[in-house]
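Chemist: Okay, these came from Swiss-Prot:
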- 153, 154, 155, 156, 157, 158, 159, 160: ATP binding site (BINDING)
């Protein structure tokens, strides 16, 4: 078969125009084109047809070194990456090339990064709780197996640390495979995560096929084309694991979905599209839907997705985080006000929610305790203005008791993390769901009214709080 060959006619940042002449066929939209600069393979993706013989492409790598007149070959298909067990324990980039210095990823299976979402008839609607061992999450905004979970927060409130703890608690305890997509985040964090996974045994360097995780990185220093597609590459690997074995539950972590949107916005501007609200691409909802609708459970297995979502200027109404909300089963909102109190994880217990916090799914006791906890915290929140102006003395005895319990609940929602041991020097805790419910039930019923507030700060179970209270006296 004769190769379809074109030549570069224009390069503007990450946008490259390629002209195909001599009666050669124009490559289809989303086809991958290849060219070589200084023996380095550069992949271009077709996004527009201009006139009869030119295509406009987005580069998946730096365009440094590219020149007009350089030969470009049409691969005849979209970007394809290796999938299956050969990817375990390895790090690849958006086009499936290894970036861990351990040679090519050799797999008998390759797959296009573009696929339709599973049909309605193939999807599964079964709902079971995924226990994370993090009290505030398990009690107030529980996660569901095969669900989509969003971690919302501004800069520096702990999204990545929470994702790391979830990988630690869930991926290690969980028998299936995990895929981590690093989308436009810090390279240092990606490197730290890789080495932590080696230390903890999640990645086995001697026998990579025994590893439990595959990593796909398109970090901050990558061009927008790579950052806009790397989440799709990660999802393609997760889908291959889900469909490979019957009943396989795959964990898919994305850090950060906002960078996926941001990269789409950069690409859109480079292509000269008219921006929509706040400068985002006009296709924001379509791009988000194309990614999110593929993250789902089928009759073969499920993909449970945890996505960190940066909130620009702490504004949840910004179009990027707001578009994500519609697709999620549970939202965990991280609050700067709670972080300022020194309470970590800085999860907002009133803003966070979950579709599975339903007595039919979690049980009557869990639902009742969660709602009582939220009621106490909501009452405390409404009393804060009065306390700030008039002081605690002006409150009724009942309100004083509510405030006291709320402050204890607030502190008991904090918890030492395993991944933060190196910073805090405090051993991380995994708390079972039954212990979490028992502890908070006792708090709202007033069983621990006599214990000091400090006893509830940074402990695991209620027994640890009682033990800590003894040492404080």
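We number each residue from 1, going along the chain as drawn.
Placed from the backbone N, Cα and C atoms, the Cβ positions cover glycine too.
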Chemist: With a 10 Å radius around each C-beta, find which of these binding-site residues (156, 159) has the fewest other C-beta atoms nearby.
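Modeler: Comparing Cβ neighbours within 10 Å for the binding-site residues 156, 159, 156 has the fewest.
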Chemist: Taking 8 Å from the centroid of the Cβ atoms of 153, 154, 155, 156, 157, 158, 159, 160 as the cut-off, which other residues in that chain fall inside it around the ATP site?
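Modeler: Counting only non-site residues, the set is 310, 334, 339.
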Chemist: Minimum Cβ neighbour count within 10 Å among the binding-site residues 155, 157: which residue?
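Modeler: Taking 155, 157 as the binding-site residues, the minimal 10 Å Cβ count falls on 155.
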Chemist: According to DSSP, folded down to helix, strand and coil, what is residue 160 (ATP binding site)?
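Modeler: DSSP assigns residue 160 (ATP binding site) to helix.
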Chemist: Go through 153, 154, our binding-site residues, and report the one whose Cβ sees the most other Cβ atoms within 10 Å.
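Modeler: The residue with the most neighbouring Cβ atoms within 10 Å is 153.
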Chemist: If one looks at the chain holding residue 158 (ATP binding site), which residues at least 6 apart in sequence have a CB under 8 angstroms from its CB?
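Modeler: Residues satisfying the criterion: 334, 339, 344, 345, 346.
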Chemist: Please work out the number of neighbouring Cβ atoms within 10 Å of the Cβ of residue 160 (ATP binding site), leaving out its own Cβ.
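Modeler: Around residue 160 (ATP binding site), other Cβ atoms within 10 Å: 21.
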